[in-house]
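The annotation active site, involved in ionization of N3 of dUMP, leading to its activation is assigned in TrEMBL to B:231. Annotation comment: TrEMBL describes B:89, B:112, B:113, B:114, B:120, B:226 as FAD binding site. Taken from TrEMBL, the feature dUMP binding site covers B:109, B:110, B:111, B:112, B:120, B:121, B:122, B:123, B:124, B:204, B:231. Annotation comment: TrEMBL describes B:1-22 as region 'Disordered'.
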């Protein structure tokens, strides 16, 4: 990641602010506020604003559930209770805003999470920089024949080099032609100021999907956790997971109690179906169950065994 | 409005905070932060948190529209441009949280604005206070025969007294019975600790719709303006307008440039239909138009004349 | 439930339609279309429109996941897979519209589910009927001292009679006064046509929360399931559960494959936290775990034991 | 637009359905149901399902506003009233589902409209076809120096040929390399079955933004009109306008009364600010106003003059 002089100055200016406020503040989050945390080869994640902390969740839950919530004596106990029972609205009382730089094909996955506010850099009005994502050799991977959705055997050596070469050349060439179309140099020789260039809104179609874009993305804590649950997961594409992991760490700094409950109940937890519960109950009683009598498909059976680390029972 | 000792202390504690932050702050809004601004006879509006200011809107617009927005040289010019052209996402970058105490029948109107986060005091789990809304004599109004949706001639004198008496008595009686059902005093004599009271979730059904409730309500600036446009309008019910007017004033303190643009384009502005435009054009040219050739209904014609202060042209 | 002659006729007219369509249809749902299914003492649920069926979910999933989904050979297998892995968007491709009559205090719970479209009967513009909910003797229940949020020992005999009497009298009295205020009879003697009545928007505040209202409520299948998961649950208030159970049955008729998956994974399933998984794994291995070493609170421990029918392990 | 044999057969099968339903149907929309209406060079728009018609809007409005709406005697009058006064919820009672094939850079604009349900073809799991958008010679345009956001002088002749050549070559080359990376031919000679190809989720990043994708997109009528208001507008990018215009025509077939009101009040109408109203009033009175005393910027002044066809008053 390389910041422009302008960006570096903007961050420095933002970080040097010393404002007084009566709002709740989170020193651990303030300490990384505005900082550009690197993601992939050219991307970054910056926390640029936030509202609330763990106490804001407790405050709104107590207004809702009133005296009932006083039975749960501690804030941590209450937050865990809310998480366990899927109470959603108290977690919506915290809000965070990120500035993110990311490849377009990842932005397209990300935007599917609709309950968020977004302002993206517009290639209709502005010119994109010559920056595109190239996987590291380590992450360049062959699609596994078992799981066609993930990556299996790693592409190595010569083959990796060839792939990276191709990606790099194509991105550079399409970018150069994008720039040329914009810059009106169609007479094959020199820049001709009298010649019109192609509209930005059209020229951009020549760029490849690994070109970097950027946006401000603002959401509440509930929807952020929904996002992270899916995108910080091992089934998520590596490239979006890199961003999700950085953001997960900002959640830890921001709302540490909620973070713990989230890791325990959502990220580390599992859902068991009615049929699955019946099987687990038999296991506990020492009874025998096999897949044929379980009512589960092979895939579902194996997912259940794996969730409880019963690898020897996989079929 | 009367606050409990507990509430007064809470507000005092919140207002005495002196935190350092690198986030943008708005001194004018900080100066009223947490304050309970009275609404109706027992209600209030409190700003309890906020994110961003006018500059946050500009910041996100400039990331979106990039160099294009530099043509609009000032922040005020850009915000006016965004408002005029119905750009929505930059205004979503600011967020505000209110604590509101309001009568249930108003809460039911309010909640129809769905794009907001809400935590309401739960009468399923907690006991509501004996507080209900009674209109002031001034606002007690007879339903006009012309506009069945608004209020016309004012109910005065003896009649007003009778109405207020009825409202008061019914609210008090149903509240007393609510309390009695909760408090288990069903033997007609004394409190009997061994007797079960009615569940709160059931007893509450005996309360009248003017009973006060309270909630935390959090939304972004765009959706707040959508709310205020409808609810600070003269067609809105008086009781919700009281709240909207207070909130409008907090917007003025929070984002003064946006507030000006909002008042000019939305609140003070008007929409003219294609047919309406044709009529106005003829007026400007000094041509004659009457309703019969206009293609407008009587109602629409009069709305158009009123929008442009052409009262003499009403039919 | 008693329908007006007008309503009965409207339903008859709607049901007698015989239209041709190229859209997918669901005969089992068509057979109950428009029918007023009774709920509580005066309420009802009617399915008034729908879009899509189980095949619509499959169709959109296959466009998303393309050839990948062909590995899951059957539609039922695919729908189960989507449900198990929390895929959400395919279930949003089905839409349903209900017409519901329900007490106001239940409407207030219901409306908290924001991702739906609602048109409610407006007491600002129209006069509400004299219909209010009274619990059946069977459901009139005392609030348990153990669980203050639910109902424990049943209020019986004389006490029940007294409660019902109170609820009935208060609802009737406040309704009569509502009507009187509207109808301008404030001189204590006879109706005086020349006297103004109170505006509807104000008079309504005198009604109790068990007064019936009605609305059209339209949502997609995903959000309907989110609603049913919470509201057809044993922890939900009885009165809303009555509605949810009726709607659950319409889901069974509408999308039977999705219904089965929903019952297995969501309604009958359970979530286990990371800590909970570790405990269950030890149980399966025959190892001993007790609450003190589990890291769980008493409440959480008992919830876990109950989820797996291990009542003897409760503490 | 060229459909595969499979697609042609699917459409034929869908269109040959003859189902009975008690739901409201719209014959004019049924007549084009499932039909692939061509958009740009390879795209299409298909209506694949719908719920409701003009009468559904009226039905829900009448349940909301009750007897009050009976004053507005006709359905058309009521729908016009609702549109004029920005009533939103009745229009949400109609729902429509489209199947759309479109270039990725247009999909990225489109998806910014968040209140919709979407299932997009996933290039993570499936292979995209070799189809990309190339502008027609007619639409290939130079970015105007006046309005950097639109298109001005048309790029013609040799220059146009060069641009199209560039776009075509780059799209073809990047697609061929995409295919090669997937298909494992990295040894420079022949396909080697034993060699792993690159994961689809990675290979896709090599594609250009004019590559076609497809999705199911479902929304309610209110949000569809919000989309069309922005995207069928002359300021919208030509490529998305092509889709919006086709969809606008489906709205005309589906809900003709609402369509007329939409065209009159939204598409053909204009918003006038408070300051703008004052100026127009002076014009009507024959008074003189010039920009210096108007309080408007040059840009805003000209926008106002243009809205009322007062081109001679532009500055």
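Cβ atoms are placed via backbone N, Cα and C, with glycine included.
What TrEMBL says about a protein is an automatic prediction, not a curated fact.
Feature map: TrEMBL annotations on the structure.
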{"residue": "B:89", "record": "FAD binding site", "Cβ within 10 Å": "22"}
{"residue": "B:109", "record": "dUMP binding site", "Cβ within 10 Å": "18"}
{"residue": "B:111", "record": "dUMP binding site", "Cβ within 10 Å": "18"}
{"residue": "B:112", "record": "FAD binding site", "Cβ within 10 Å": "14"}
{"residue": "B:113", "record": "FAD binding site", "Cβ within 10 Å": "17"}
{"residue": "B:114", "record": "FAD binding site", "Cβ within 10 Å": "15"}
{"residue": "B:120", "record": "FAD binding site", "Cβ within 10 Å": "20"}
{"residue": "B:122", "record": "dUMP binding site", "Cβ within 10 Å": "21"}
{"residue": "B:226", "record": "FAD binding site", "Cβ within 10 Å": "19"}
{"residue": "B:231", "record": "active site, involved in ionization of N3 of dUMP, leading to its activation", "Cβ within 10 Å": "22"}
List of the binding-site residues B:89, B:112, B:113, B:120, B:122, B:226 facing chain A, defined by a Cβ pair under 8 Å:
B:89, B:120, B:122
Give me the CA-CA distance between residue B:113 (FAD binding site) and residue B:124 (dUMP binding site), in Å, as a whole number.
23
DSSP output for residue B:111 (dUMP binding site) maps to coil
Select from the binding-site residues B:111, B:112, B:114, B:122, B:124, B:226: which have any Cβ-Cβ contact with chain C shorter than 8 Å?
B:111, B:112, B:114, B:124
Where DSSP helix means H, G or I and strand means E or B, what are the helix, strand and coil counts for the region 'Disordered' (B:1-22)?
11 helix, 3 strand, 8 coil
Which residues, sitting 6 or more apart from residue B:124 (dUMP binding site) on the same chain, put a CB under 8 Å from its CB?
B:200, B:201, B:204
Pop the Cα-Cα gap between residue B:122 (dUMP binding site) and residue B:226 (FAD binding site) into the table, whole Å please.
27
When the Cα-Cα distance from residue B:109 (dUMP binding site) is computed for each of the recorded positions B:89, B:120, B:231, which gives the smallest value?
B:231
Indicate whether residue B:120 (FAD binding site) is helix, strand or coil by DSSP.
strand
Could you measure between residue B:111 (dUMP binding site) and residue B:120 (FAD binding site) for me? Cα positions, answer in whole angstrom.
10
What is the separation, in Å, between the Cα atoms of residue B:114 (FAD binding site) and residue B:231 (active site, involved in ionization of N3 of dUMP, leading to its activation)?
14
Between the Cα atoms of residue B:89 (FAD binding site) and residue B:231 (active site, involved in ionization of N3 of dUMP, leading to its activation), find the distance and write it as a whole number of Å.
22
